[in-house]
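*Asks:* Annotations for this protein, taken from Swiss-Prot, read as follows:
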- 1-19: signal peptide (SIGNAL)
- 20-405: topological domain 'Virion surface' (TOPO_DOM)
- 103: N-linked glycosylation site (CARBOHYD)
- 111: N-linked glycosylation site (CARBOHYD)
- 331-365: region 'Disordered' (REGION)
- 347: N-linked glycosylation site (CARBOHYD)
- 396: N-linked glycosylation site (CARBOHYD)
- 406-422: transmembrane segment (TRANSMEM)
- 423-452: topological domain 'Intravirion' (TOPO_DOM)
């Protein structure tokens, strides 16, 4: 039994959080059968003629009850953060929420539109690629990149017409793409900022990302709080404005060190990860596998930061735009006007006798566009940087030390109790075999006098 408790303490399953009290009660009842020769606890407190508290502790009942209580507290407080995080919103709330950017009406019918394919068929299309690298585990990162949306909105404003838009984030996998966030906008005024529209659809999120992801203030970027290593890879943002699409790729790298407050993600689930053929046939409806989370952007971001700090994370001072992919610069000897002019000069001057002709400049081979913007076949090949070990928090280390100490103390107490109870039972059995009956010394304190 102590070994089982030790395993549950080191690596408990999610059900431990709910069944901790029942487990403690069950162990208590099972051990009561071994130590049933000892009076129950309430006999001590309600019967003045009971045996002393010291004798009760030696028999093991009170000590065992204290050990079970200590182990229950350790199991429920030290190992159930993930389960408590899902329901703590009802218990803890941020003090203030920012006002919404604008007022809008949510209409569910906009979610009935099939999702366009995130895959790019044009092999020469230039896609903006950004690099996002987390320097340590349990870090909050942002996927931010400026676009040419303002020029499109100016054209629409000059034409004096409203527009409709759709913003979707995808996690690109080797053979499929998983939508993780989707929202549609209708009746938008081009004179205002993007997404400030009168109507919009339900705000859809992948359920496992609600407590670890949120939109930036302009609703164009994505903030990830303490992402796990499984969140590494390629993310693609698709902005569609009146049929025109803008693609932006983010190559995200997360350290392989384990983060205790991170949630592992399964982006390759076939129920959500759709193939290019399914997108082309118009079979992808995000309403079927994404969950609603109709909180305004400011309120959602406030919740995200609150949960992150509650779990022990450190908020960044400011979110910066992701670094653009450094495109290669052509070398000095690439074919151009200078090389053509030098060739003409060389043709006019004859080389000296006995001197070999100089070797012509090798033409520069431009890299394939596939290396500038990773495509479907190599989206998850992310180079992991060499990171320093994460800084350990004093509060976390202190709590872990106290928890381990309490657990060891509880196990020692359980072992002592088991030894005392088994020895007592053995003595009673031996006395019964010898024909001796153990009598309770109820009157052991009565003074005896010799009769005349």
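Using the three backbone atoms N, Cα and C, a Cβ is placed for every residue, glycine included.
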*Asks:* What is the Cβ neighbour count of residue 103 (N-linked glycosylation site) at a 10 Å cut-off, with all protein chains included?
*Replies:* 8
*Asks:* Taking 10 A as the limit, how many CB atoms besides its own sit near the CB of residue 111 (N-linked glycosylation site)?
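*Replies:* If we count other Cβ atoms within 10 Å of residue 111 (N-linked glycosylation site), we arrive at 19.
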*Asks:* If one measures from the C-alpha of residue 111 (N-linked glycosylation site) to the C-alpha of residue 103 (N-linked glycosylation site), what distance in angstrom results, rounded to a whole number?
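*Replies:* Rounded to a whole number, the Cα-Cα distance is 19 Å.
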*Asks:* Reduced to three states, what secondary structure does DSSP give residue 103 (N-linked glycosylation site)?
*Replies:* coil
